[in-house]
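Worksheet: one structure, shown below.
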Amino acid sequence: MGDMDPHIFAVAEEAYKQMARDERNQSIIVSGESGAGKTVSAKYAMRYFATVSGSASEANVEEKVLASNPIMESIGNAKTTRNDNSSRFGKYIEIGFDKRYRIIGANMRTYLLEKSRVVFQAEEERNYHIFYQLCASAKLPEFKMLRLGNAGNFHYTKQGGSPVIEGVDDAKEMAHTRQACTLLGISESYQMGIFRILAGILHLGNVGFTSRDSDSCTIPPKHEPLSIFCDLMGVDYEEMCHWLCHRKLATATETYIKPISKLQATNARDALAKHIYAKLFNWIVDHVNQALHSAVKQHSFIGVLDIYGFETFEINSFEQFCINYANEKLQQQFNMHVFKLEQEEYMKEQIPWTLIDFYDNQPCINLIESKLGILDLLDEECKMPKGTDDTWAQKLYNTHLNKCALFEKPRLSNKAFIIQHFADKVEYQCEGFLEKNKDTVFEEQIKVLKSSKFKMLPELFQDDEKTISPTSATSSGRMPLTRIPAKPTKGRPGQTAKEHKKTVGHQFRNSLHLLMETLNATTPHYVRCIKPNDFKFPFTFDEKRAVQQLRACGVLETIRISAAGFPSRWTYQEFFSRYRVLMKQKDVLSDRKQTCKNVLEKLILDKDKYQFGKTKIFFRAGQVAYLEKLRADKLRAACIRIQKTIRGWLLRKKYLRMRKAAITVQRYVRGYQARCYAKFLRRTKAATIIQKYWRMYVVYRRYKIRRAATIVLQSYLRGYLARNRYRKILREHKAVIIQKWVRGWLARAHYKRSMHAIIYLQCCFRRMMAKRELKKLKIEARSVERYKKLHIGMENKIMQLQRKVDEQNKDYKCLMEKLTNLEGIYNSETEKLRNDLERLQLSEEEAKIATGRVLSLQEEIAKLRKDLEQTRSEKNSIEERADRYKQETEQLVSNLKEENTLLKQEKEALNHLIVEQAKEMTETMEKKLVEETKQLELDLNDERLRYQNLLNEFSRLEERYDDLKEEMTLMVNMPKPGHRRTDSTHSSNESEYTFSSEIAETEDIPSRTEEPSEKKVPLDMSLFLKLQKRVTELEQEKQVMQDELDRKEEQVLRSKAKEEERPQIRGAELEYESLKRQELESENKKLKNELNELRKALSEKSAPEVTAPGAPAYRVLMEQLTSVSEELDVRKEEVLILRSQLVSQKEAIQPKDDKNTMTDSTILLEDVQKMKDKGEIAQAYIGLKETNRLLESQLQSQKRSHENEAEALRGEIQSLKEENNRQQQLLAQNLQLPPEARIEASLQHEITRLTNENLDLMEQLEKQDKTVRKLKKQLKVFAKKIGELEVGQMENISPGQIIDEPIRPVNIPRKEKDFQGMLEYKKEDEQKLVKNLILELKPRGVAVNLIPGLPAYILFMCVRHADYLNDDQKVRSLLTSTINSIKKVLKKRGDDFETVSFWLSNTCRFLHCLKQYSGEEGFMKHNTSRQNEHCLTNFDLAEYRQVLSDLAIQIYQQLVRVLENILQPMIVSGMLEHETIQGVSGVKPTGLRKRTSSIADEGTYTLDSILRQLNSFHSVMCQHGMDPELIKQVVKQMFYIVGAITLNNLLLRKDMCSWSKGMQIRYNVSQLEEWLRDKNLMNSGAKETLEPLIQAAQLLQVKKKTDDDAEAICSMCNALTTAQIVKVLNLYTPVNEFEERVSVSFIRTIQMRLRDRKDSPQLLMDAKHIFPVTFPFNPSSLALETIQIPASLGLGFISRV
């Protein structure tokens, strides 16, 4: 083809050959004006590749590549004034090839679709072809739902006035389009979806608007085009109608819906239609690319670029600007390839060459795309809120006019500009540039379409938020393709996606850069299409127009350079390899360059036709073709010689084959004739044999038929007789069963009647006995002595009555259960009997029917037998043939099976080995991984626990240190000897002041000297050891005396009458107690003396380095000193209390005998004398009076409470008796009633009982409401009184005082400024801040009325201000004082749960604030932008965060201790001793301590009290705003304490180890789990801490006899240790006769099974164990600038910044 005239196939062939030869990607660039034939040329090039290369698979990829053309032409081509099939978009198709250069797939990229053609066409132009194809095919049955018609009926297809193209049948084109879609894999449903959307666009164009006024419009009601559009699109009519006439305006705070004018509505409708069409176009292109995509790896490709040519019209807008810009870039690429690179290569190879000038269009491209170029200014103007086309034009004039030679301004217009392109000057009108560049569509209309029920429509808009689609269109007309995803930019949360969208010009520029990169990476080939005339006339050639096009596309300059230059070139190695066939062996030298020169001198005589460069040989035009001709001639001659030799060899072989075949045919014909004769002889003999055997077979078959009929008749007759015999036996058996069940029922009924009568008699007898007992009790109750006895033994009687009631209830329940069981058995038996009877009746009817069927079946059997004989004969013949075949096949199959089994065995063995090895590997790896993770977790928890224990020890030592410092201050500030305080009215309860005053009375403290000796240190330690020993002895004596005192008080209260008879004994006891008191006083004196000696040793005779406050010896001595002083204080208080109690006892006992009185008075006088010696007579007298009053009030209150309790118990006994009588009456009545009436009566009784209880509860509720109202009224009255008192106090204050006092400012609410979330305070106000905010703050008021964590926020805002001022001293001082103040508060009120919880929550919140605003990225993830602005800027407080974390751990441990102190008294009583389920425990085991009844009678604690306490803890923590994760850890610790204490008590108490107690524990644990579930705390790990207790309860309930039971226990009790399991089994005690003790052998079996278990030998759980605590980071969403400081905190000196 290279020798022929220019042809598109020649260019395609050259590209294909270069790709195969050079292994480099190629490009064919087809360009030219509109109508010049670009699309057809590209189509023919693709057809050439599809024909030449073929496809690499059976999928016919080349057909799919060609099939993409009709689809793209139908949706992207339209008729214009210059071309009937004008492409209104650009496309670049990459055709992929494999290593063998066969087509494997393709990919298409599109550029600048002209969307404006969808809604507007000029005169004599058409819309896109697909619309007219749809209208032409509207009568097809599948298109009737689209409601289409003639193209003239639609606004979008009739504007051009030329709906038909001559010589084109749109209906046929539609069929071709559908066929191409099917070939590319677009299904029928998707095709109909595409046509639905296109028809909807046509109907949308017919939607009309009517003006309501100048700023609003409406759509007529039930508008047919709009309703059709909504039906096709699957959207709501009302919603679409609304948003076509309105738009939404969003401001910073609100959103408005604004009506639009008719013109704006029409433009919005057109924009929506263009947007839908562009999205559909993109969708089709994507699906075409998916169909052309190949999974095979692409080796190389050839790209075909069908791009729009240079355009100039009378009115040129944004579309023509983008098209001409693209042509400028392509022309530059052409110049670079043809001109610049060509001449640069000549200079590089040092060939003699004169440079030729050519036009370079780089300045024009710079004018368009450089910084402050036309596109840059256009994008900038689009971003301006009030930018217009006029302002943009003025910017263009100011920037480029008179500065760039290629930019001009028209004389008669201020809204246009002229650009000098490479082809011609073009004048562009500025109107519409901004709107087309922005590409705006109303978002609300798009949302309506996205909510469509039509599934395909939302698919078109799926990529709106992700990336800007490569083929997404613009409202202006065409839209570029880009592969660069739109990067998400950070902005304000309220910004819409519209602000992030790139402009059309920006996208088009990016896509052009990508295209240029692709073209520069390939070898380009150019096809310049020349249009012969502008009138679409055939055989008419306009010379001037053709030359103009040739000059515009640079062809003339190309010809000029090609004529003067060397268009062809080869490297020396390539030339040698290509033309080696033209050389002789002697011409080939080692130097390739010299070899090529010698050959060229012989082949081409004219030396001007070629030039030798450094690395290449350059040829003039036509010389390479001449060399190729020589090469082809040489190869052709060689081919002829090869062909001649091969053809002779082939003909010789053919002759030999024919001769051999003739001989073979003769041999086979002769053999065939001989075989035919032998076959005839065999057939004659076989016919005789067949006749013989057939006659024998007929006779034998007749005999077998008769014999089979006889056998069948015998079998049916024998079966009939056997079935009759079986039915008879079955009836007799069923009758026996019915008799058995009826007799059993009668016996049980008689037994129940007798049992009911016996029970009724027993009830009557017991009622009579109870009435007699009641009469006796009433008589005894009237007597005073009996009342006293009742008063003493009332508790035992109540318990006995309670136990009797429980037993009666239990008996009643058992009787009811038996009754219900008997009724159930009776009903089931009757149902069974009825079913049996019905079944027997059905079997009889079936037997009758079966006898009738037997006769008909016998007739059918006779017919079937005849058929059976015939089939049998045929079957036998077939079987004989099949047997032979089977034998042969079975032998083969057996051989194959043996081989197969051997192979299978080997395979299974190998697979088994592989599987076992894999299992072992996986199991070992999994076990190792699990063990390592568990070990790491345990190590982490141990380290955390160790660190927290160290913190606890540190806090304890710190408290000791603080106490020592206080003691030192007391010692330093101690008064001198002359100033002793001996006031007798000084309170004995204030231990610190008493201790200091006594020291002042008994000793003189000398001043400290600085040079003491060091020899006294061992003596001081011995003194301390003596003091410690003495303190322990005093504690023991104190405990003994306290026990004696308690016992004496009980004796006084119980036996006042007997005291008169034994005055001498009482006097002796008093004397003994007074002696004890004297001993205690003497011991106190000794201790004081030893303390004085110790103080002297510390102050006078110690070395300065030892007595220094930081010395270790000093710390040890001071710790011992403080402990001893505290013990002395406690002893003194106890002595005073004992003294006052002894005196009160002496006065309370007034003996009648004068002698005893005298002895007692002497004792009292002695005591008084001793007290006078001590100066404490007045104090003893006051204590005596107070104790007398206290004892009298206590006795009276106890008497009243006792009487009230006795009265309440009597009422309860009476009500229980009445309830018992009522229950017995109901039971007797129910036993006499039938079962149905019995159930109704019980239900009626239950209903009446519930109604009575409801009425009682309602009365209680009304009473409580009344009390609440009274209390509210009293509160109002008290508030008024307080206000009046305050007013009166203010009136009493003098005017001078009012003036002198500072007036407190009134907080007037006003609009806040833009605060920075900081609080400012003065340095001298720091102590006041800490005092008001920490030391004197009441947690309850803050938790109820203010936001949680308010003190923490205030402190952090103060820290922020100090950080803002860069004042490190202020920050350090504030944080230090805050931490110390929190420690002081917790030391002072450490036993109050609310205080500890409040400061734990605030400490954690303060810690979280320091983390959240630290500026570290890990803590700023959840912050808002405003919160990130509030981060600390100057200081890194990481060290203080660690200190606060340690403080939080100490507070948490203190909180746990407070919880434990509160819960510990409740746990044993509530979890073990109290009977939550009444009547379960039954009778207590004999011989055991009755702890349960005694504690339950006191009414101390139950499970409900534990749950109430847990609710109280949880509500307090939630009110304080504690972190949820921290609450979970606290709850887990609480549940561990409950479980550990309960289990320890269970293991130590034999009376608790029974089956009923296990059930009680299980029920209590379930209540605790229910509490966790209600509080959403099941995932806190609290339930797992109760696992040992749950397993212990299960151990009490399970069966404990056999080895299986032992195995079950070992597997079940994995949370209990071996010692605990054995202990529970040893302690297990049966409650009633139905249970048995656990045998010793069973316990030994358990021990043997558990001997390999590695667990702790410890029996009891560590109830003091505290789990390590963590504080997960919990950022706050509260903005600091919004926090208000309430006036109740007294922080008026702080100001917000």
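Just so it is clear, glycine is given a Cβ too, placed from its N, Cα and C backbone atoms.
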Checklist line | Range among 512-534, 765-787, 1110-1132 that TrEMBL annotates as region 'Actin-binding' | finding: 512-534
Notebook entry, point to check: Per DSSP, what is the residue count of the region 'Actin-binding' (512-534) in each of helix, strand and coil?
Noted result: 9 helix, 7 strand, 7 coil
Check: Excluding G32, E33, S34, G35, A36, G37, K38, T39, which residues of the same chain place their Cβ within 8 Å of the centroid of the Cβ atoms of the recorded ATP site?
Finding: N83, S86, G309, C529, K531
Margin query: Return the average pLDDT for the region 'Actin-binding' (512-534) as a whole number.
Written below: 87
Note to self: Comparing the binding-site residues S34, T39, which residue's C-beta has the most other C-beta atoms within 10 angstroms in this structure?
What the structure shows: T39
Next item on the list: Inside 10 Å of the Cβ of K38 (ATP binding site), count up the other Cβ atoms and send me the figure.
Entry: 25
Note to self: What's the number of neighbouring CB atoms sitting within 10 A of the CB on G37 (ATP binding site)?
What the structure shows: 20
Margin query: With every protein chain in view, what's the tally of Cβ atoms within 10 Å of the Cβ of A36 (ATP binding site), excluding that atom itself?
Written below: 21
